[in-house]
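In what follows, a structure is listed as structure tokens, so that the remarks can point back to it.
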Amino acid sequence: MACRGRRPEHGGPPELFYDQNEAQKYMRNSRMIDVQTKMTGRALELLDLPDEKPCFLLDIGCGTGLSGDYLSEEGHYWVGIDISLAMLDAALDREAQGDLLLGDMGQGIPFKPGSFDGCISISAVQWLCNANKKSDIPAKRLYCFFSSLYSVLVRGARAVLQLYPENSEQLELITTQAIRAGFTGGVVVDYPNSAKAKKFYLCLFSGPSTFLPKGLHEIKEEEEAKESTFTNRSSQLCLRHRVQNRIARRGLVRKSREWVLEKKERRRRQGKEVRPDTQYTGRKRKPYF
């Protein structure tokens, strides 16, 4: 479970590690952009949000706004919180569409109860397991984080937190504090038999306990090889743009009625429950918040 080499959180607090140089990597390194976009897509899938309805989401550890870009492209509104001023400055330079907040998640999420329809986090929660000063007690910081997160979510909403646990003890510490704060749920592991593609997602429910989504198990060999040989190409080659190009080649305008109908039909073929088509399907609606 432990990652190879020295872990970033062992080198000091995140506000120092994620400096301007690190922020530039998230803006220019196509491999990092591609991985971040894929993990955000998977987290959004695990959130299981209602179709055709824009939601108000919280992005914890939003960084330069890469995950937020994906949320915006899917028609959602979002607020991002991050402890690194350099990463947030980069998000502003990229003209991220969400609202940004400088803050330490270990000190709690500073929003009113029931503010958000869901929450995602990419590669952030494991930072709370390290004490960077004498007053830092990981268990207390984790509980403060999870208890405030539970409060700001509407009842029945989900939080999907992608993380890199150092070991099984660290993962148990995180899940224990989440359950203590009131959440139900568990850990979803994608590609558990792959050393490179294996990912952990803490899937939490703020309402009555429901079924835990299953992890992904099959990965194409060429995708795994691509993961290990990815070079530092231009960010225009990232997953987001490839998806947009495929849509353009089919002659569909994103979020148009035809695009929505095709997406619903695809979900029906996958065996998922989809609302019936009506005259209002694909109609743009004003934000309700």
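Using the three backbone atoms N, Cα and C, a Cβ is placed for every residue, glycine included.
Over in TrEMBL, the protein carries these features:
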DOMAIN    58-130  domain 'Methyltransferase type 11'
DOMAIN    204-287  domain '18S rRNA (guanine(1575)-N(7))-methyltransferase Bud23 C-terminal'
REGION    264-289  region 'Disordered'
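Here the domain 'Methyltransferase type 11' (58-130) is broken down by DSSP into helix, strand and coil counts: 25 helix, 20 strand, 28 coil. When averaged over the domain '18S rRNA (guanine(1575)-N(7))-methyltransferase Bud23 C-terminal' (204-287), pLDDT in the model lands at 66.
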